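Novice: From Swiss-Prot, for reference:
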type    : residues       : note
REGION  : 1-347          : region 'Glutamate--cysteine ligase'
DOMAIN  : 514-768        : domain 'ATP-grasp'
BINDING : 541-599        : ATP binding site
BINDING : Asp721, Glu738 : Mg(2+) 1 binding site
BINDING : Asp721, Glu738 : Mn(2+) 1 binding site
BINDING : Glu738, Asn740 : Mn(2+) 2 binding site
BINDING : Glu738, Asn740 : Mg(2+) 2 binding site
Amino acid sequence: MLDSFKENEALRKYLFSGHFGLEKENIRVTSDGKLALTPHPAIFGPKEDNPYIKTDFSESQIEMITPVTDSIDAVYEWLENLHNIVSLRAENELLWPSSNPPILPAEEDIPIAEYKTPDSPDRKYREHLAKGYGKKIQLLSGIHYNFSFPEALIDGLYAEISHPNESKRDFKNRLYLKVAKYFMKNRWLLIYLTGASPVYLADFTKTNSEEVLNDGSKALHRGISLRNSNAGYKNKESLFVDYNSFDAYISSISNYIEAGKIESMREFYNPIRLKNAHTDQTVESLAKHGVEYLEIRSIDLNPLEPNGISKDELIFIHLFLIKGLLSEDRELCANNQQLADENENNIALNGLAQPAIKNCDNEEMSLADAGLLELDKMSDFIQSLIPNDNHFQAIIEKQKERLLHPEKTIAAQVQAQSAKEGYVEFHLNQAKTYMEETEALAYKLVGAEDMELSTQIIWKDAIARGIKVDVLDRAENFLRFQKGDHVEYVKQASKTSKDNYVSVLMMENKVVTKLVLAEHGIRVPFGDSFSDQALALEAFSLFEDKQIVVKPKSTNYGWGISIFKNKFTLEDYQEALNIAFSYDSSVIIEEFIPGDEFRFLVINDKVEAVLKRVPANVTGDGIHTVRQLVEEKNTDPLRGTDHLKPLEKIRTGPEETLMLSMQNLSWDSIPKAEEIIYLRENSNVSTGGDSIDYTEEMDDYFKEIAIRATQVLDAKICGVDIIVPRETIDRDKHAIIELNFNPAMHMHCFPYQGEKKKIGDKILDFLFE
């Protein structure tokens with residue numbers, strides 16, 4: 001078969017691609033490493049309805065399922081995002097990073113997963129497993145790796161090497177059977193290289209190859225993977241199926257079901273299973289539709305990786321499957337399966353001692369030699385098909401290092417750290433470290449960092465609920481959300497089907513906004529608008545002795561605004577006009593209202609968040625210049641540009657320069673220690689300001705004003721900016737200075753100070769409930 005790829009460049013390009021899907025199980029634990037007995041987090045909804053986040057056997061055993069993707073990069077991004085979403089939503093709990101369980105309660109207190117009804121087929125199946133195998137063993141967790149070859153690859157091979165009169169369906173079945181046979185024979189190598197469960201608690205199980213560690217936990221003596229050993233999660237007896245043909249494979253599984261050895265194909269716990277994409281996962285469905293993908297079930301959670309597996313491990317498993325496709329198709333009889341099982345168990349229990357491997361002729365070869373033989377073959381076919389590759393070869397070289405140096409295996413490192421820190425402490429420390437890393441980047445959706453932060457937030461919140469998300473226009477942050485038959489289109493996180501078009505037009509035009517609000521008795525600053533810069537300049541005498549604001553008529557995010565609270569010159573006024581007219585063809589000059597500026601986020605006639613916005617500023621140290629202080633403050637990892645991070649970097653543009661000049665300062669001025677220098681007069685977070693949550697502290701009087709303003713304009717998702725007087729006695733001197741039809745949500749979700757609000761959830765509630 002290798003020759004087919006050497007001679008056919010069009011076919012060769014498909015060999016190293018494919019379709020990938022991952023399923024990952026983690027136990028939810030308390031901060032002291034005990035099984036969490038809390039219900040599955042409600043935000044994820046019923047397990048039956050969420051395609052991404054479910055439970056495995058136990059209510060405490062969360063399962064993350066990626067959609068099918070066309071690359072390992074994409075499936076890994078999905079896995080990382082799901083892991084982060086689940087970690088952040090499992091409040092006050094951690095995700096246990098080991099395949100082997102944490103501290104468990106009594107058997108009868110381990111909760112089986114709950115479903116909508118007590119007689120749910122999923123619930124009944126789990127009750128059957130609990131009765132037949134016990135609950136504790138069900139808590140062994142791992143990763144399932146789902147893979148299929150590209151259809152174009154199968155079509156090309158079918159045209160070149162299919163048997164006479166063989167249908168494409170039969171050819172496809174035969175192809176996947178061949179790969180499965182290779183996997184079954186050589187899975188010992190994968191277990192040696194990826195196994196990561198050599199340590200376990202003393203009361204979990206007992207093996208014939210164990211030693212007691214200092215903390216009382218147990219470790220397999222020179223072992224690799226408890227989960228993949230005979231003491232792991234296996235069928236009660238070995239089930240050898242017939243791999244000679246697809247029909248024989250189906251018949252042998254059917255016979256085991258009829259004999260009562262297993263209840264259904266779901267209970268066929270082979271390390272690799274032939275599957276199709278139909279939800280009816282029965283042997284009859286597989287026989288009818290044929291093989292569509294392979295499910296690899298023997299991968300341990302890697303406690304050394306935040307997401308339980310590395311991207312290079314995923315790539316290596318892919319190469320392993322390609323090797324199976326290119327290998328000679330050999331018989332896998334019951335005797336050979338018995339030998340393969342023995343190799344698997346021997347490596348799982350004693351792999352670090354590097355026991356000999358038996359081939360199908362019952363001949364022995366050292367583990368290192370047998371492993372290097374397979375890895376060299378991988379290296380050879382990669383070299384012959386993609387001679388300029390470096391990445392794949394580097395991954396294979398790393399596996400060779402693990403064969404030659406057992407101490408470099410994942411299992412050896414896990415065992416060493418567990419012996420040093422204790423089984424529970426080591427895995428708890430890993431879980432806490434990963435949680436801290438997740439929390440530090442809680443605002444981010446991996447793979448969507450180029451999109452607005454508010455879009456990333458609502459996208460993540462949609463995934464948590466099992467809502468399907470399609471990107472319609474990446475540059476425009478335009479998404480489609482779908483839950484069942486319900487579809488919603490959302491742009492920039494807050495432009496939705498609930499918007500009234502004329503309301504948007506009114507809010508976009510600040511003159512119209514003020515006029516309509518004033519007509520309804522809502523206080524707004526008085527002022528004038530100008531479309532001619534020369535006329536605006538001539539009006540200087542009307543404003544020179546007043547406190548004023550100069551701003552574009554139709555802009556957002558606080559851009560182009562200048563505020564004069566003190567005496568200003570004609571030159572200052574002219575520069576403010578230049579700035580404002582650079583953003584719009586019309587500007588507004590209005591009175592300055594003293595007080596503090598607050599953003600009220602109103603969703604469907606309810607104030608969901610209130611934020612105090614402090615203008616962009618730096619604090620002096622008596623040593624550094626203003627410019628240097630800005631540069632230092634901008635190094636905060638939470639500050640970015642274009643709304644890609646929770647806080648915006650402070651700019652050094654004309655607005656900031658003007659503000660400094662009004663204070664008789666320049667960029668080279670050195671402020672005194674603890675002296676606060678403001679770089680902007682307006683307090684918009686989008687111009688580098690700091691955000692402080694005030695939702696609970698804000699007087700309901702002003703919340704009602706914000707709601708009334710949105711009702712006047714019939715705005716359903718709206719940011720209302722209100723200047724609130726500092727003295728309660730002056731509260732009637734407030735003023736609404738702006739209504740925003742596309743309010744940013746990220747500053748409420750990740751404020752500089754104060755409580756984080758789940759605004760994405762609030763918008764999704766509004767759209768879908």
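Just so it is clear, glycine is given a Cβ too, placed from its N, Cα and C backbone atoms.
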Novice: Within 10 Å of each Cβ, count the other Cβ atoms, then let me know which of the binding-site residues Ser541, Asn740 comes out lowest.
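Specialist: Counting other Cβ atoms within 10 Å of each of the binding-site residues Ser541, Asn740 gives the minimum at Ser541.
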Novice: Kindly state the mean pLDDT of the region 'Glutamate--cysteine ligase' (1-347) in the predicted structure.
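Specialist: A mean pLDDT of 95 is what the predicted model shows over the region 'Glutamate--cysteine ligase' (1-347).
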Novice: Just jot down the residues in the same chain as Ile589 (ATP binding site), at least 6 apart in sequence, with C-beta under 8 A of its C-beta; none if empty.
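Specialist: Gly527, Asp528, Ser529, Phe530, Ala536, Ala539, Phe543, Ile548, Val549, Val550 - these are the non-local Cβ neighbours of Ile589 (ATP binding site), listed in sequence order.
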Novice: Including all protein chains displayed, how many Cβ atoms other than that of Asp721 (Mg(2+) 1 binding site) lie within 10 Å of its Cβ?
Specialist: 23
Novice: What's the CA to CA span in angstrom from Glu597 (ATP binding site) over to Asn740 (Mn(2+) 2 binding site)?
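Specialist: About 14 Å separate the Cα atoms of these two residues.
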Novice: Using C-alpha atoms, which one of the binding-site residues Ser541, Tyr573, Asp721 comes nearest to Asn740 (Mn(2+) 2 binding site)?
Specialist: Asp721
Novice: Using a Cβ-Cβ cut-off under 8 angstroms and a sequence gap of six or more, which residues of the chain neighbour Lys565 (ATP binding site)?
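Specialist: Within the chain, Lys565 (ATP binding site) has Cβ neighbours under 8 Å at Gln547, Phe592, Pro594, Glu681.
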Novice: Quick one: pull the CA-CA distance for Asp721 (Mg(2+) 1 binding site) versus Tyr573 (ATP binding site), whole Å only.
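Specialist: Checking the Cα atoms of Asp721 (Mg(2+) 1 binding site) and Tyr573 (ATP binding site) gives a distance of 24 Å.
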Novice: Measuring Cα to Cα, tell me the gap between Phe581 (ATP binding site) and Glu738 (Mg(2+) 1 binding site) in whole angstrom.
Specialist: 18
Novice: Calculate the distance in Å between the alpha carbons (Cα) of Tyr573 (ATP binding site) and Glu738 (Mg(2+) 1 binding site), and round it to a whole number.
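Specialist: That separation, Cα to Cα, works out to 22 Å.
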